[in-house]
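Engineer: This is the structure I want to talk about, given as structure tokens.
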Amino acid sequence: MRTPFVAANWKMNKTLPEALNFLQAIAGKLPNQAEVEALICAQSLFLSQMMAVTKDEPIKIGAENVFWHDQGAFTGETSPKAVASLGVDYVIIGHSERRKYFRETDEMVNNKVQAVLRNGMRAIICVDETMGQREANEKVHWVVSQVIEALKGVAIEDADKITIAYEPSWAIGAAAASAKEAEDGCYLIRQTVADMFSDEAADQVRVLYGGSVKPSNQAELMAMPNIDGVLVGDASLNPDIFLQLVNYQQK
Ligand code: PGA
């Protein structure tokens, strides 16, 4: 059985005091990690403070990106080795905003996935689909090829360290995909993992949906057989809404 996963992607939001206030507001109100795994991915510059204040809480703190080299002359980049040294477990890789604004290619995404695994962390790989690709009926091609390219060279033993998020950019900060459409994307991802690795690996890997998830559409999405969780941007910035998202089973 795959543990349901609710992951927040704060993007480039919140100052350190705002992040710490948020964590104070959710303290003591989080579900048991065995029932729902909760994660907040935030800007790297205050991950260590966020980890320190949540060390006794059932929540994980993750990064939103890392570079593919462990160290060296790469001014302004974030070292995966340095992030791992904080005790960070999860890193989002290949978010559509990084693909769009920073021209991240499938090859860069693959290098970053390798860097995350090499440093003992887990990757949440985002698979994008634009409105143009959706309208041209290119979903299958795009989703499958991004998964194949991102996982190139990944050993089957590391399959359990991979989470893949179906995040059509047409649904981010807009109108969410229907549960059926989100399920179709997640099913495609799981089938691709089965083809590349094995049915067992595909059974283990967690597949998330992201794009305008809110407490009002979360339960329907998470009831789908291939959707193990959600990756949430906007709605995760408010502590009350975040608590509703992680405690969705208690409703
Ligand atoms: P959204 O963002 O929930 O604000 O649509 C999701 C994401 O970009 O991960």
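Each Cβ is built from the backbone N, Cα and C atoms, and glycine gets one as well.
Bear in mind that TrEMBL entries carry predicted annotations, made automatically and left uncurated.
Found this in TrEMBL, in case it helps:
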type	residues	note
ACT_SITE	His95	active site, electrophile
ACT_SITE	Glu167	active site, proton acceptor
BINDING	Asn9, Trp10, Lys11, Gly173, Ser212	substrate binding site
Engineer: Can you see whether DSSP assigns Lys11 (substrate binding site) to helix, strand or coil?
Structural biologist: coil
Engineer: If you draw a 10 Å sphere around the Cβ of the residue listed as 'active site, proton acceptor', how many other Cβ atoms fall inside it, taking every protein chain shown into account?
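Structural biologist: Within a 10 Å radius of the Cβ of the residue listed as 'active site, proton acceptor' lie 29 other Cβ atoms.
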Engineer: Going along the chain, which residues six or more apart from Lys11 (substrate binding site) have their CB under 8 A from its CB?
Structural biologist: Glu64, Glu97, Gly233
Engineer: Just counting, how many other CB atoms are there within 10 A of the CB of Trp10 (substrate binding site)?
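Structural biologist: The answer is 20 other Cβ atoms.
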Engineer: Whose Cβ lies within 8 Å of the mean position of the Cβ atoms of Asn9, Trp10, Lys11, Gly173, Ser212, the substrate site, other than those residues?
Structural biologist: Ile172, Gly210, Val232, Gly233, Asp234, Ser236, Leu237
Engineer: Going by a 10 angstroms cut-off between Cβ atoms, which of the binding-site residues Asn9, Ser212 has the sparsest surroundings?
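Structural biologist: Result for the binding-site residues Asn9, Ser212: minimum number of other Cβ atoms within 10 Å at Ser212.
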Engineer: I'd like to verify something. Among the binding-site residues Trp10, Lys11, Gly173, which ones have a C-beta closer than 6 angstroms to some atom of ligand 1?
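Structural biologist: Only Gly173 meet the Cβ criterion.
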Engineer: Going by DSSP, give the three-state secondary structure for Gly173 (substrate binding site).
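Structural biologist: Note: Gly173 (substrate binding site) is coil by DSSP, not helix or strand.
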Engineer: Just counting, how many other CB atoms are there within 10 A of the CB of Gly173 (substrate binding site)?
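Structural biologist: So the Cβ neighbour count for Gly173 (substrate binding site) comes to 11.
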Engineer: Under 8 Å Cβ-Cβ from the residue listed as 'active site, electrophile', six or more apart in the same chain: what's there?
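Structural biologist: Within the chain, the residue listed as 'active site, electrophile' has Cβ neighbours under 8 Å at Asn9, Glu64, Asn65, Cys126, Glu167.
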Engineer: Among Asn9, Trp10, Lys11, Gly173, Ser212, which the record lists as binding substrate, how far apart in Å are the two most distant Cα atoms?
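Structural biologist: Roughly 14 Å, rounded to the nearest whole number.
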